[in-house]
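Encoded as structure tokens, the structure appears first; notes follow it.
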């Protein structure tokens, strides 16, 4: 994910990883942001 205004929080809707906030990635199964394993 990326640190930008309007980034999606955990379980927020997404289509790509960069829709999500830092440390989150887009889960293509559920189309929401989930933790990507980074700190």
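Cβ from N, Cα, C; glycine included.
The DSSP secondary structure for residue 21 (disulfide bond) is coil. Cβ environment of residue 21 (disulfide bond): 1, 2, 3, 7, 8, 9, 33 lie under 8 Å away, each six or more residues apart in the same chain. According to Swiss-Prot, the feature disulfide bond maps to 7-21 (among others).
Cβ-based neighbour count (10 Å, all protein chains) for residue 14 (disulfide bond) stands at 22. Summarising the annotation, Swiss-Prot assigns disulfide bond to 14-26 (among others).
According to Swiss-Prot, the feature disulfide bond maps to 20-33 (among others).
A 10 Å cutoff on Cβ-Cβ distances gives residue 39 (phenylalanine amide) a total of 5 other Cβ atoms nearby, all chains included. Summarising the annotation, Swiss-Prot assigns phenylalanine amide to 39 and lists experimental evidence as the type of evidence.
In sequence order, 14, 15, 16, 17, 19, 20, 32, 33, 34 make up the list of same-chain residues 6 or more apart from residue 26 (disulfide bond) whose Cβ falls under 8 Å from its Cβ. Among the disulfide-bonded residues 7, 20, 33, the residue whose Cβ has the fewest other Cβ atoms within 10 Å is 7.
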